[in-house]
Amino acid sequence: MRFISASSLLLALAPTLNAVPVEVAGSAQGLDVTLSQVGNTRIKAVVKNTGSEDVTFVHLNFFKDAAPVQKVSLFRNGMLPNLNLATTEVQFQGIKQRLITEGLSDDALTTLAPGATIEDEFDIASTSDLSEGGTITINSNGLVPITTDNKVTGYIPFTSNELSIDVDAAEAASVTQAVKILERRTKVTSCSGSRLSALQTALRNTVSLARAAATAAQSGSSSRFQEYFKTTSSSTRSTVAARLNAVANEAASTSSGSTTYYCSDVYGYCSSNVLAYTLPSYNIIANCDLYYSYLPALTSTCHAQDQATTTLHEFTHAPGVYSPGTDDLGYGYSAATALSASQALLNADTYALFANGTYSSLLSFVNPLLTPDNSCQPQLLDARTCNRQFGRSTSCKVYWKAVE
């Protein structure tokens, strides 16, 4: 991972993201999305509340978000199964953003009465390269956070029809790209002062959390792993551990690695509810002002947000750290733990929650008063394991004294 200083130049990186669509079981309470073509690559989405009650949800990272986020999945050869052509997902070249889960502003929320709808129009060629034209299959499904009193309290599933369109190559190539990478000769804001100090602390904490979580994934409690990743298979545990170790390795260096990390919003995609964002196709991460003003460096509360797990979350998005990069399939504990095993394996928040849960469970054993409202059950670690996972921190010293 590389910091960008005032004298550094941003180099173009080769796109490598390969996202995976979500599969969500049908539900009486949900959102139905109807996709239609209104131009060559311009798509209209009508989102309808199919439930019997009002629902208030976060429309960021969803339809109505003005940022270049992924609203649909695009596939080639999706409608040609009889020709034995492999279905290929078209690479998404927009941003993935992490949001706050409490204190959301009203302009980030949408309320739909039963049967009510909202509409959104967007150009899929602005966030994907469709310049070769041809048949594209489009769909959208997943989980969107719902709120009570501006706090994320659960999720609601959404699913769409499958839309097939024929794309004119020349017209698609003329669409302006939503994300414009800084010119090679452009100098960008340096990472210095209090923000540099905060990010350096976050990176050190990320290393500790990721390594501890990797150990827990590889050889820790099977029931705890099942809680987050919905399986206890050895191959999945190894994959999760490998990704977390890769995150730890990336966070351990500020002068080398696969990602470029900005201390500030150099691309202008931060809003009042966004903590940080990643451009996976370029392995670029940027923090927002809220990252520094809203988040603690490291929380002791189970499944709460902090700077370390936000940085860990963003690193998992970057395919340069570990490929394929993760998606945002389920946001927050209730949504993340509702995913299938295959979805959880590629969900960024699952890794952040698992890392936080591993750390919080240790603290709750050392001092239960640190996590009075936690759902992370304490795990019994001997002093040697504690120090191997977290180093000789204060928590380990307290635990050591209590045990020995």
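Backbone N, Cα and C define each Cβ position, glycine as well.
Not measured: the values here are computed from a predicted model.
Within the set Cys270, Cys302, the cysteine that Swiss-Prot bonds to Cys288 via a disulfide is Cys270. Of the listed residues Cys191, Cys302, Cys191 is the one Swiss-Prot pairs with Cys263, by disulfide bond.
Ranking the binding-site residues His313, His317 by the number of CB atoms within 10 A of their own CB puts His313 at the top. Those residues of the chain, other than His313, His317, Asp328, with a C-beta within 8 angstroms of the mean position of the Zn(2+) site C-beta atoms are Lys96, Arg98, Thr278, Glu314, Thr316, Thr326, Asp327, Ala348, Asp349, Ala352. Residue pair Asp328 (Zn(2+) binding site) / Glu314 (active site) shows a Cα separation of 10 Å.
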